[in-house]
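Residues or ranges marked as transmembrane segment by Swiss-Prot: 33-53, 77-98, 113-133, 178-198, 226-246, 288-308, 320-340, 347-367. As annotated by Swiss-Prot, heme b b562 binding site applies to His83, His182, with the evidence given as similarity to another entry. Taken from Swiss-Prot, the feature heme b b566 binding site applies to His97, His196, supported by similarity to another entry. Here Swiss-Prot flags His201 as ubiquinone binding site.
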Amino acid sequence: MTIIRKKHPLIKIINHSFIDLPAPSNISSWWNFGSLLGLCLIIQILTGLFLAMHYTSDTSTAFSSVTHICRDVNYGWLIRYMHANGASMFFICLFLHVGRGMYYGSYNMIETWNMGIILLFAVMATAFMGYVLPWGQMSFWGATVITNLLSAIPYIGTTLVEWIWGGFSVDKATLTRFFAFHFILPFIITALVFVHLLFLHETGSNNPTGLNSDADKIPFHPYYTIKDFLGVLILLMGLMILVLFFPDVLGDPDNYTPANPLNTPAHIKPEWYFLFAYAILRSIPNKLGGVLALILSILVLALLPLLHTSKQRGLTFRPITQTMYWILVADLLILTWIGGQPVEYPFIIIGQMASIAYFTIIIILMPMAGMIENNILDLD
């Protein structure tokens, strides 16, 4: 078996990536989320494949086909809710994975980090298009509002929006193409994940100390396969509790009403995992400014390697920047709450202040804190 594992041209790639991979001996449970994201992707692709067998991407039957899946297909309700809540688990793992990368300075592995940002954009695009497919009220109006943002692009904006819609409004053509893209993107994401891993294995994993761990490596299997398996069990337990006991807790009741272009919902809002970005978008009165802020809210992550001023890699031994980091986490929670609130006083001003704080902490305060810590520790 050892001979096959190390000699076979295909199996040896798997061996070098998941079995004999030298890993730091001290990586904590925060390093579990990469494998959990892989699991989430597999769950989403499998459940999505079975949903696609019964779904019809036509405006007149889309809503009914989702109802049919839940009522008439064997375990259709389970597949549908695993897919919907699986997306939420996917984003929870994504945010924790990115947060861990920010905390421990993993963004200094620039190729891996930038590939991760591309993956984040791809997953967000996939989730957005998936939310449109059930063709409920929030699906339709969410698609209308978000695609309409592209009309803010000077000169070509309106033409671009109509091109994406395939007409003069969100209609049958839009739904059909969103289904096509929603189906193909996860496979593109899977390919990008392998590129992400390729870049990661060029440098090796970071660790909680931020120090070079070449002198103290252990094989990935059995140590981290067992550790990842515990994470998998916890994730699956959390997902199944959500699916079997609270399947609709993260959804919007408006999406149980079929799409009606003549009736606008009182509060148009995306799924919970987009609310922080939606709050940043709404906090700027100018349409183009809001769109730019929305894109920059994610793209600002690409600036982190350039904004790294500290002589230390992670935040493990940096209390001032740690404080800034946790204020940023609290700020993101505030933005998520504001994104789900109506556009009125006092939510408008809270959203604007939280949006300013978000960019200020990342671009100004954290780099400044790094320089202060260098001076305190005489690391200059």
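Glycine residues also receive a Cβ, built from the backbone N, Cα and C atoms like all the rest.
Only sequence-distant pairs (6 or more apart) were considered; of these, at least three Cβ pairs between the transmembrane segment (178-198) and the transmembrane segment (33-53) are under 8 A, so the stretches are in contact.
Put simply, of the binding-site residues His83, His97, His182, the one whose Cα is nearest the Cα of His201 (ubiquinone binding site) is His97. For the binding-site residues shown (His83, His182, His196, His201), fewest C-beta neighbours within 10 angstroms: His201. Remote same-chain partners of the transmembrane segment (113-133), defined as residues 6 or more beyond its termini with a Cβ less than 8 Å from a stretch Cβ, comprise 55, 57, 62, 66, 87, 90-91, 94, 97-98, 101, 106-107, 139-140, 142-143, 146, 174-175, 178-179, 181-182, 185-186, 188-189, 192-193, 195-196, 199, 270-271, 273-274, 298-299, 301-302, 304-305.
Note: the CA-CA distance between His97 (heme b b566 binding site) and His182 (heme b b562 binding site) rounds to 23 Å. A straight line from the CA of His196 (heme b b566 binding site) to the CA of His182 (heme b b562 binding site) spans 21 Å. DSSP assigns His83 (heme b b562 binding site) to a helix. Away from its own ends, the transmembrane segment (33-53) comes close to residues 69, 79-80, 82-83, 86-87, 89-90, 93-94, 96-97, 100, 182-183, 186-187, 189-190, 193, 228, 231-232, 235, 239 of its chain (Cβ-Cβ under 8 Å, at least six residues beyond either end). Secondary structure from DSSP puts the residue listed as 'ubiquinone binding site' in a helix.
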